[in-house]
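Trainee: Below is a structure I'd like to ask you about.
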Amino acid sequence: MALSTRQASSLWPTLAALRWAAPRPRRGLSTPQGPEPSLDLRGIFPPLATPFSPTGEVDYAQLEGNLSRYASIPFRGLVVLGSNGEYPYLAPRERLEVVSCVRRVLPRDHLLLAGSGCESTQATIEQTVSMAEAGADVALVVTPCYYRGAMTSAALVHHYTEVGDASPIPVVLYSVPANTGLDLPMEAVVTLAQHPNIIGIKDSGGDITRMGLMVHKTRQEDFQVLAGSAGFLLASYAVGASGGVCALANVLGAPLCQLDHLCRKGQWQEARDLQHRLIEPNTAVTRRFGVPGLKKAMEWFGYYGGPCRAPLAPLSPAQVEELRNTFSTNGWL
């Protein structure tokens, strides 16, 4: 049973003291000066696609199969129930079952981030508490956007502060304007970075100037910036991002971890060469073809993609050919 908001709030001081962090050397070329993070988010996180059976049910066996294939890739952790996990199309029961399934398989030294954002503050708090009970280490909370005209900085700061106060696990903000039509304002991010239970942001907007300023303005806080796409991962690291939550990691996880490694070692020429080969495939599985394109590409690399839930439609034969050509011309197939 989910805890009430009052119960969750009362637990926060105790649970905050139990935050754990992986061992980490400090500091690489791309890491800004500032306090040691209480929970290290450096590295690559694939936002997992949710596998469905041909009849449209969540296929937990295929999910575990994909997880076993990802086990050999040095990810920092996994994200479930993000945009690429078709989060809006899952029932509340399914969301919790997906988190529980992944937690059972995932090694304890890998972080599990779970999407818990809802349109109302109350529902977001309840979902976040439930995600924690199901085994999530961190809550990834997307901006509420249905009444986007009313989502001022003050409204969003109030929303996230309430969630941060009530959540028994750390919170990462999630700004994805391509889906929400709403960019989390800079002043709101800077204010929220001061909250002891809000530890970072996944920024999928792709504005490197904004990301660099975000890193700069939060450098004295326990707060990390995560790139929300593989297409601008190197540029994000160059301005101080800590890691990346990248859809393409579902397909090309090892190359993205290699890019992460090259950037941290300061091997910028090799990193640039690799980044250039990832830009077009990344665009294809995000902006161009979306989740159906991502799932189709997964199948070519030994993973289970399977169907999406309606109303997301499968790619046409011509689109499949275009997608395959994008990976081929960049040397991945």
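Cβ from N, Cα, C; glycine included.
Automated prediction, rather than curation, is the source of TrEMBL annotations.
Grabbed the feature section from TrEMBL, which reads as follows:
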type     : residues : note
ACT_SITE : Tyr174   : active site, proton donor/acceptor
ACT_SITE : Lys202   : active site, schiff-base intermediate with substrate
BINDING  : Val245   : pyruvate binding site
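A description of the local structural setting of each listed feature is requested, covering burial, neighbours and distances.
Mentor: Of all the Cβ atoms in the protein chains shown, 28 others lie within 10 Å of the Cβ of Tyr174 (active site, proton donor/acceptor).
If you draw a 10 Å sphere around the CB of Lys202 (active site, schiff-base intermediate with substrate), it holds 27 other CB atoms from the protein chains shown.
Note: Val245 (pyruvate binding site) has non-local neighbours Phe45, Pro46, Pro47, Val79, Gly82, Leu113, Lys202, Leu226, Ala227, Gly228, i.e. same-chain residues 6+ apart with C-beta under 8 A of its own C-beta.
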